[in-house]
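Asks: Take a look at this one; I'll ask things after.
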Amino acid sequence: MNRESLLAQTGWFLAALALALLLTVIVCLPLGAPPLETIYVLFKGGLGSLSKFGRVLAGWVPLTLCAVGLLIPFTARLWNIGVEGQVIMGAIFCTAALRPFDDGGALHIGLALCAAMVGGAFWALLSGLLRVFGRVHEIFSGLGLNFVALGVTLWLIFGPWKRPGVASMSGTEPLDISLWLPRLGALSVSWVGLVLAFAAILAVYVLLHRSRWGLKMRAVGENPKAATLFALGPRRRLLQAFMLCGALAGLAGATQVLGVYHRLLPSISSSYGYTALMVGMMASFRLPLVPFICLFFAVLNVGSIQLPLQMGLDSSLSGVIQGVMVLSLFIIQGLRLWLKQRKGAD
Amino acid sequence: METFAFTVAAVLMAGAPLVLATLGETLTEKAGIINLSLDGSILLSAMAAFACAATFDSPWLGVLAGAGVGAAIAGALGLIGIFLGQSQLAVGFILTLLCRDLAYFLGHTFSRQPGPDLGLWTIPGLGDVPLAGPIFGSQSPVVYLSLFAIGFCWWWMYRTEGGMRLRAVGESPRAAFGRGIRVRLVRLYYCLAGGALVGLAGAAYSLAVKPGWGRPQGCEGAGWIALAIVIFGGWHPVRGALGAFFFAALQVAGIHLQEIFPSIPAPVFQVAPFPMMILTLLAVNMGRMGWVQDIVRRHPLFKKCSGAWPIEAPAALGQDFDPKKGL
């Protein structure tokens, strides 16, 4: 099935893109929005200038960290829907680690990054434990824990961590500038974040494709019963996969706190957890495609900020386009399968 | 007594959309299809219902629009999942996210606008009856609708031939196929019917329980709760409805707790149902874990109680059936 020529694969991919474009245009019509102009504004908003591209990269870093991390549990055929909550937990642990300090340096930032990884891994472990010892499907535990993490954030922001005087949705007291991640020149993206994202891509590649651990993980995913018989320890591996993914998601939360918002907000995760799941499905969980799809989705996210300003449209159009693209890919894949079966029957 | 009756009335009201969504998903899952798109479906149909009601100034047209949108989303899932052989879980999840954003995008112009709602129906003569009067005498039509739907779904599933076919395609599609039932088509029908009920749940939110449309509407997350209640109710319509009312009661209790603990910020109470959902699923599923069963076997008291709440998923839930591959 995967042995089709590159030309045919590109053709099918273009068909999916065309279908996505068509569906997007259909969605835009009832609002009286000119579709082509809307799409132009969307992309100009994301790629129009160097500073905008800096913002795209700032969104690409956490999205890539989450999406790459998701590949690990998916190798064992697990749905870690709780990425969103793990990002939030990472952000909370990161903020908690820095609260005792008024200012600091690289050491403190390093500590905060580690704390964020622990936070994300801990939240993912809860989901894994519920699955292994409580038979709660990871979709429900992950999703429930996302909402719980949001509740914890709100409680902290309005309760113990509220700013002196006023407690509002605008978050906690900003961090001292010495605790911010250093920026890349004048761009709003930090080079530390970029390094972390590239390191994560490399690490996951090595782990999944060049290590015995990854091989065993794949065996667990392909056939859990056989994996039990061969003493591959599917339960232990399942928990490990969740924790590694959670750690990367936590790191994404830390880049949001230290690099973008410099404080804890209710919307600290920017829904990157859910977007990362879409990236994973769009890439059919193939690692080489993930960073590029993340880049594309980040452009859409940043570009959509221009929609309310210039067109009076809601910025959720970027999410609509992302969803429509993944759905189109599923439809085209299904059609391909159907055509193939018909050919086989003839 | 009066407060008790009013609390029951409030629980019935808060539970009505949850009941409708739970019944819809129960129908769909009984046929062997998992529709994960509930949360987005409810939101989009809530938006459609309100937009339609506000545009044409007719709440009942809005209800129809909500049901239609719900059925259309479920139809998309059915076509891609049943006939194109894609993963039901993946497609359902994507549809959830897509419909959610679509609802916010398309509903932008209706945000915080005034619009009609379904109001209350008064049953003449019932108002003076003690207890039943305050509970049922003057209620929202969605409450009557949800109560009727519980009975109808139970009757349809366990007392009609159509219901038997429904259970057959969910339990044993091969056997059903052997008996001449067009499995995929039946599954698609129940996908549509379940989706329509989910759409009604959305309409119930935006036209009765939390009238109006905005971002957030207030029904975010209800779909996931309903999905969990289906498991809690063991894929039985009456037990599922009881589960829905149980969760609604918790929500109503949450509002009272908020008055008792004013120091805890209000948004925290909104997430309270979700840990409850996890704990409920945990309690329900624990009984099937090996180590729990060991403990139960050792203690005679537990042994007596075990089996009081049996949970059996439809055997072919989430499994593809391809008639070309034959029996």
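Cβ from N, Cα, C; glycine included.
TrEMBL entries are annotated by machine, without manual review.
As the structure is a computational prediction, the values presented were derived from the model and not from experiment.
As annotated in TrEMBL:
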TRANSMEM  A:12-33  transmembrane segment
TRANSMEM  A:53-74  transmembrane segment
TRANSMEM  A:81-101  transmembrane segment
TRANSMEM  A:107-130  transmembrane segment
TRANSMEM  A:142-161  transmembrane segment
TRANSMEM  A:181-208  transmembrane segment
TRANSMEM  A:238-258  transmembrane segment
TRANSMEM  A:289-307  transmembrane segment
TRANSMEM  A:319-339  transmembrane segment
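Help me picture where these features are in the structure shown.
Replies: Sequence-distant contacts of the transmembrane segment (A:12-33) (same chain, six or more residues past either end, CB-CB distance under 8 Å): 39, 311, 313, 317, 320-321, 324-325, 327-329, 331-333, 336.
Note on the transmembrane segment (A:53-74): residues 46-47, 80, 83, 87, 184, 186-190, 193-194, 196-197, 200-201, 204, 207-208, 217, 221, 238, 241-242, 244-249, 251-253, 255-256, 259-260, 270, 272-273, 275-277, 279-280, 283, 285, 287, 290-291, 293-295, 297-299, 301-302 of its chain, located 6 or more positions outside it, place their CB under 8 angstroms from a CB of the stretch.
Packing against the transmembrane segment (A:107-130) from elsewhere in the chain are residues 80, 82, 85-87, 89-94, 96-98, 101, 136, 138, 141-142, 145, 149, 179, 181, 192, 196, 238-239, 241-254, 257-258: each is 6 or more residues past its ends and has a CB under 8 Å from a CB in it.
For the transmembrane segment (A:238-258), same-chain residues at least 6 beyond its ends with a Cβ under 8 Å from one of its own Cβ atoms are 61-63, 65-66, 68-70, 72-73, 75-76, 78, 80, 82-83, 86-95, 109, 112-113, 115-125, 127-129, 131-132, 138, 175, 179-181, 190, 192-193, 196, 200, 204, 207, 217, 220, 264, 268-270, 272-273.
Sequence-distant contacts of the transmembrane segment (A:289-307) (same chain, six or more residues past either end, CB-CB distance under 8 Å): 38, 41-47, 52, 55-57, 59-60, 63-64, 67-68, 71, 197, 201, 270, 275-276, 278-280, 282-283, 313-318, 321-322.
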Asks: Under 8 angstroms, Cβ to Cβ: which one of A:81-101, A:181-208, A:319-339 has the largest number of such pairs with the transmembrane segment (A:142-161)?
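Replies: Answer, by Cβ pair count: A:81-101.
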